[in-house]
Amino acid sequence: MQAARMAASLGRQLLRLGGGSSRLTALLGQPRPGPARRPYAGGAAQLALDKSDSHPSDALTRKKPAKAESKSFAVGMFKGQLTTDQVFPYPSVLNEEQTQFLKELVEPVSRFFEEVNDPAKNDALEMVEETTWQGLKELGAFGLQVPSELGGVGLCNTQYARLVEIVGMHDLGVGITLGAHQSIGFKGILLFGTKAQKEKYLPKLASGETVAAFCLTEPSSGSDAASIRTSAVPSPCGKYYTLNGSKLWISNGGLADIFTVFAKTPVTDPATGAVKEKITAFVVERGFGGITHGPPEKKMGIKASNTAEVFFDGVRVPSENVLGEVGSGFKVAMHILNNGRFGMAAALAGTMRGIIAKAVDHATNRTQFGEKIHNFGLIQEKLARMVMLQYVTESMAYMVSANMDQGATDFQIEAAISKIFGSEAAWKVTDECIQIMGGMGFMKEPGVERVLRDLRIFRIFEGTNDILRLFVALQGCMDKGKELSGLGSALKNPFGNAGLLLGEAGKQLRRRAGLGSGLSLSGLVHPELSRSGELAVRALEQFATVVEAKLIKHKKGIVNEQFLLQRLADGAIDLYAMVVVLSRASRSLSEGHPTAQHEKMLCDTWCIEAAARIREGMAALQSDPWQQELYRNFKSISKALVERGGVVTSNPLGF
């Protein structure tokens, strides 16, 4: 019973996590489309200006219109729908001036990381070297998405992704320092801040004069963010809150001057008068007093970044430093994290690009058995798989960033997928690079072992991949569940809902019979990719059939079916990856890019294997008795390990 209650609680939090409910759909609004006011104004930067005169609660409290049909491909695929608005054609969002401005930034940033920054030295020092730190300030790297009017560079999400990719290619430790500062550290001020908060904090944060940190995780609160214990008690006069508690593993924790802190506060329900504890976000200055930090943590990787525990002891926080609405901190935190995940995928695409270059260089120059090793099939397959993973990750990153720049508000599943896929792909690519390089890859000098150490954390922070898989599956199933509920209601009045019933029921029956639902990507994918397009449609139908069957079987109880949800998420990730590369490769073929035929091969190869994985995975889920036995075995084996305190079986020798 306890496990069931825990699972149900986790499920409710996961469904809140991404904004699938109407409460979160309009939470903070993504950048609104419209003419650019500056050649490099857009995305979060322009949004910060657009909302400067608004009360921070506007996005949380304004009257929400009836929810429109989602344009998210990921939401649609759970329903067996081809929702292509956000994926075809592959989006191109930068105007000529924005493109030119970005090009002018790429060259100096690349040169800086090639000639000035020393990732090995940063790793050895376990800090960002002072020369690099000052150089980053001069480049404006601490305020890439802060509007120029507030001292930043004013980049949109797509421009930001391109520069983050360069950082990820060279030094993930520096990348974490910068990302913890602006991707999550002060992102809440950028998105939720009042005009006064923005004007007070953003200029110094953008220049690097002050550093920001995001304080959510606690010793007893990791993936379960709602269980935080840090408290903020309002004063009787209402002018300030007294903050007490601690936050664990905070990136920039020992460096930061400004903290985005999440704490429990008493909130009175206006309807009932009952007082409940809810999470509230605060902007907290180290200068308020009562803030200390522990020593830098000794870590496996990203050693150049500062990670420390932060303590708050009787910190007086002015009431005007509430970020967003009192009691809306969980939404603020989740929106900040959702908003920044595309940047992680972009950075890791850059990491893979650099690692693949090292692997190719070694394979091209290393001779064994009288042959360059790049001529051997085993090496060829490794290199091909490595570059496919990079291509998919990069395609996802720029797809999501472009969707955000175009004003999409429903991208949470796609952003989560990009984080899951990118972090796992980068690990695989780097591991294979070491394998190709052999003993040399294991040595410190080439720097690949450092990258592998740095990469391990990416599957853990900003939402563990395990939790995000549950989120992807549950969020998608929630939307499909609403549709099934609608069909159930329609059946009570069949004559008044004949069109709906005939359309949806017909598609469902055709899918179940294996006849196909008439969906097609014809006219969207390039003719040379038509076979791969057909594979994607077939995979979508297979996936949607299983989603529907499992929802009908488990109903709301599906939140407890983590074995199933994980496998549905894997299918969703593969399916989204197929569509993204189909879109990107189609654009390259249509525009006659020099690499178009190479991209076609990457796309076709990916789709062939992904379709096979989806087909096999969904077939296994449909073999219900076998799957249930498998799940029971997992539970029993795990229970035995827990009861024994480790491995149950004895050594084969008996002692």
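Glycine residues also receive a Cβ, built from the backbone N, Cα and C atoms like all the rest.
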Position flagged as phosphoserine [Swiss-Prot], chosen from Ser220, Ser231, Ser517: Ser517
Selected residue, Swiss-Prot feature N6-acetyllysine, from candidates Lys79, Lys331, Lys419: Lys331
Where Swiss-Prot places phosphoserine when the choices are Ser148, Ser227, Ser489, Ser522: Ser522
Where Swiss-Prot places N6-acetyllysine when the choices are Lys63, Lys200, Lys239, Lys492: Lys239
Cα-nearest neighbour of Lys276 (N6-succinyllysine) within the listed recorded positions, Lys71, Lys239, Lys331, Glu462: Lys331
From recorded positions Lys331, Glu462, Lys482, Lys556, the one whose Cα lies nearest Ser522 (phosphoserine): Lys482
Nonlocal residues around Lys556 (N6-succinyllysine), in sequence order (Cβ under 8 Å, 6 or more apart): Gly481
Per-residue Cβ crowding (10 Å cut-off), top of modified residues Lys71, Lys239, Lys276, Lys278, Lys331: Lys331
Minimum Cα separation from Lys331 (N6-acetyllysine), reported as the residue among recorded positions Lys71, Lys239, Lys278, Glu462, Lys482 that achieves it: Lys278
Under 8 Å by Cβ from Glu462 (active site, proton acceptor), same chain, sequence gap 6 or more: Ile184, Leu337, Gly340, Arg341, Met344, Lys419
Candidates Lys71, Lys239, Lys278 (modified residues) - the one closest to Lys482 (N6-succinyllysine) by CA: Lys71
